[in-house]
């Protein structure tokens, strides 16, 4: 580039593979005399017509390059918007990896995500405290937490698709720890063994004479056995190349559990080999992205990758140091936050509709049942947006029609409902106490679960069905994070997105329903106030859950954007007219008319 040659990576979709070694094997040391680690810039080859698989493909390319150049047995994965906040965190991860009793089965150590630049009230639940401090800690007691895409230390052998090592069972009991009657049986068996040993000695002496004659034949067969071993080694080499690719240096490195590179290899030869493993066609007809490395097939490749490791019998560990290990930035704008949740939900829908769905994949492996339930929960939750949307609409319908959707229940049914409600509340209180989560964080999580459920999860469900069934793909951009031009400057910034329409429609419908219900009660007298309280409670419950969304929608101007208001009122009007046209509370034969006994002509 010093002679005016343009940088070959200017075209992001069409450029060769590039590797630049800033700190290599030259032994560069810092001011204190300590050797500095390697620092290598890698940009994989991209060509039109080749699928690069976004982040998953980039991580797989980095695995291969690092294996050729250094082949360290452990890897650290940190996203570009995160930084190391605790230098001792890696040492804590190594304590789990190198544990003499259970460390060999640990595939990765996951750290919780902590964020900077979030407002004090955490209006859109960016911190995800309930997930990281309750759910992930609970999974740590089963088979380990799921992989969340960043802040994770991996064992390289686990990423290669190998099964977890089988732990040896402890030795059985000896005669010293057994009762006397069992010892007598053991002594009898020992006597029988002695008699058998004498017979075996006579047999062995006869067999020695026969073995002398056979030994001559073995010398003849040695040549045949050597050729068979060569054929088997060639077959295993072909099998490894089909799995890992055509690079002999990389294939050889996968067999080194403790890492390391050949001593006689020159840096130039290693660099040329590294360029080969990041070529765009290297993964063709291999198991990369299927059984090896980061798994392809979903925009949330992190869930799939951790799931495959757990299916191979590995376990993961959740590490929460006092000082956060890694910190990053989170989207504080409402639109960006909804798009982030949309991407996560779309990935879950893709996994649910793929062959890797935890409902039917991985049986007979090393995945525990409770761990399977956690993965099922992580891919099923977008489907709950449909009943959630119905539940948020029913209170407004009850207020507009004057009917109550729930019939009168018996005392027994009410007791069951109260017992269920009390058990759910008690479980939530115990989880908050155990995880150290405050009531504010728990309530923000509940509010945004409703907001995301009726917007991002619903859109992700339809987009996922279109993508899997019709092949209509949706492009995603990297979520914009907090800006530096002012504290929380983007918190009130409005960005148009269709994700804002469903929650706004629910707000408009429920507010109209409250106004209609109260006005109807005033016109009909105070006798109708009793049944009204139940309907108002459910309507206000929906409005309270959507309140952070309303605050973010109004912004600093305390004024709802016109385009959102117009679309929401239009959609609410259409739904109301459809309901009046269908009118499910009235029979098909029309309303039931009865004679009231009053003469209206007088």
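Backbone N, Cα and C atoms are what each Cβ position is placed from, and that goes for glycine too.
Pulled from TrEMBL:
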type     : residues : note
BINDING  : 54       : UDP-alpha-D-glucose binding site
BINDING  : 55, 79   : Mn(2+) binding site
TRANSMEM : 380-400  : transmembrane segment
TRANSMEM : 412-430  : transmembrane segment
TRANSMEM : 450-470  : transmembrane segment
TRANSMEM : 491-512  : transmembrane segment
TRANSMEM : 532-550  : transmembrane segment
TRANSMEM : 562-582  : transmembrane segment
Inquiry  = Please report, as numbers and ranges, the same-chain residues at least 6 past the borders of the transmembrane segment (450-470) whose CB is under 8 Å from any CB of it.
reply    = 124, 338-339, 341-342, 345-346, 348-350, 352-354, 381-386, 388-389, 392, 498-500, 502-503, 506, 542, 545-546, 548-549
Task = Measure from the CA atom of residue 79 (Mn(2+) binding site) to the CA atom of the residue listed as 'UDP-alpha-D-glucose binding site' and give the result in Å, rounded to a whole number.
result = 13
Key: Site with most surrounding Cβ atoms, counting all protein chains shown within 10 Å, from the binding-site residues 54, 55   = 55
Query = Same chain, outside the transmembrane segment (380-400) by at least 6, Cβ under 8 Å from its Cβ: which residues?
reply = 345-346, 348-349, 352, 450, 453-454, 457-458, 460-461, 464, 502, 506, 509-510, 512-514, 516-517, 535-536, 538-539, 541-542, 575-576, 579
Task = State the count of C-beta atoms found within 10 angstroms of the C-beta of residue 79 (Mn(2+) binding site), not counting that atom itself.
result = 15
Query = Hey, does DSSP put residue 55 (Mn(2+) binding site) in a helix, a strand, or just coil?
reply = helix
